[in-house]
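According to TrEMBL, the region 'Disordered' annotation covers 1-56, 462-489. Look at TrEMBL and you will find 67-89, 101-120, 132-152, 222-239, 251-270, 322-341, 353-370, 390-407, 419-440 tagged as transmembrane segment.
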Amino acid sequence: MRRGERRGHGGALGKAALEEQPPQPNGGTSAAAVERTPPPPPGVEMDGSGLRRSTESEVYDDGTNTFFWRAHTLTVLFILTCALGYVTLLEETPQDTAYNTKRGIVASILVFLCFGVTQAKDGPFSRPHPAYWRFWLCVSVVYELFLIFILFQTVQDGRQFMKYIDPHLGVPLPERDYGGNCLIYDPGNETDPFHNVWDKLDGFVPAHFFGWYLKTLMIRDWWMCMIISVMFEFLEYSLEHQLPNFSECWWDHWIMDVILCNGLGIYCGMKTLSWLSLKTYKWQGLWNIPTYKGKMKRIVFQFTPYSWVKFEWKPASSLRRWLAVCGIIFVFLLAELNTFYLKFVLWMPPEHYLVLLRLVFFVNVGGVAMREIYDFMDDPKFHKKLGQQAWLVAAITATEFLIVVKYDPYTLTLSLPFYITQCWILGIILVLTWTAWRFFIRDITLRYKEIRRQKQEHKYEKDKCLSNGDGHSSIMDEQNGNKLRERKL
């Protein structure tokens, strides 16, 4: 049954909004509360205040509220209290200060995560479960606090502090140079002439593909993905004098990265987006499905979105949206650069599990942040402030960059080669020129043409009225019309 229609006496009502949570006992939208909202009239689209937007999919939900969706605040509190009581009363505290410090910090983080998962505010996503996204919101807070702590340490203390996480850290590591011999076919090597290509095929190749597949699902726009992909390769060209890791062969930049890994990932992501936009979002309670095949299908679809919205960024529609899209691209590129610079200044090898965990973290929080940013741009009357996850992602990205600035200012201040500087200055001038033309000069020109056209039309009407012997009334009407247009302009 359609979400928003009555399902019988005392039946629950749903709400056709993207990723709108099912009935949430922990402060979310309850079924009884939604029932008070009347169904929208035919042909009316909802916005944030209760009318479905044109880019949103229609959702059908029978309103089933099972044990899976209920809040378990008392259960979690009871289990947490029992665990703390066990540690306090039955477990002997070791006489190891370093061990007790580590365990106390971990326990404090776990208690905060338990509180956040059960009590934090729900975000825009509800599948597979709202508690999953609340967990990553709390992890964002913990990670930001960790970055703030690292930022307030000296460079030496901050690097040595990483030994408390992994004893193998805190040691300078050489960066791998991906440049070197850039011959695709090396005739001097008779055993394997394509050895340069095979050397570049490491674990980061599938990581590039899978990463851009997920980024496409976050951004939901082919043009923005391609711009970010190409721009990052230009950044690698520009900054290879700072980090040797950015030094790659030309075919590694444009063939393996942009076309094969990134391009294929973006293509598969767009195909997935097309399927999600055409998919029918009809949800039934698991116990309301009669067949075992239907139950298994319902369990699998629990890990797909509750509903879908097509992102229409429209950067050229207004100056506000243009600046917002430019800001999103800038933050994306800065977060990508932070990946390389952070492991460089904190002496972490590329294959370390902390680097992988950071990427997993951004995969989970990035989609929520992009949805909150889009809602803030697309419906500012309802979404009056930036979402909590988007705020944290922006703060984390800025804090990571500040750590890089503090820990290795020498590397960041290495001057760009002159030809690189010229290219960036030319690009910035072109962007600023297009912005001024599109949102200022073009608007003034169109306004002038419109006024001129209106004047010509009224002059024609005046001449026509004079020829009919009604000149006085025509002149008065023209003057009144001109005054009215001036007020409107």
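Cβ coordinates are placed from backbone N, Cα and C, and glycine is handled just like the others.
Automatic, uncurated: that is what TrEMBL annotation is.
Counted as Cβ pairs under 8 Å, contacts with the transmembrane segment (222-239) are highest for 251-270 among 251-270, 353-370, 419-440. The list of residues near the transmembrane segment (101-120) in space but at least 6 beyond its ends in sequence, with Cβ under 8 angstroms from a Cβ of it, reads 26-27, 71-73, 76-77, 80, 84, 87, 131, 134-135, 137-139, 141-142, 164.
Sequence-distant neighbours of the transmembrane segment (419-440) (same chain, 6+ residues past either end, Cβ-Cβ under 8 Å): 237-238, 316, 318-319, 322.
The highest tally of CB pairs under 8 A with the transmembrane segment (322-341), across 67-89, 132-152, 353-370, is held by 353-370. Outside the transmembrane segment (132-152) by six or more residues, the chain places 109, 112-113, 115-118, 120-123, 125-126, 158, 161, 346, 361, 364-365, 368, 388-389, 392-393, 395-396, 399-400, 402-403, 406 with a CB less than 8 A from a CB of the stretch.
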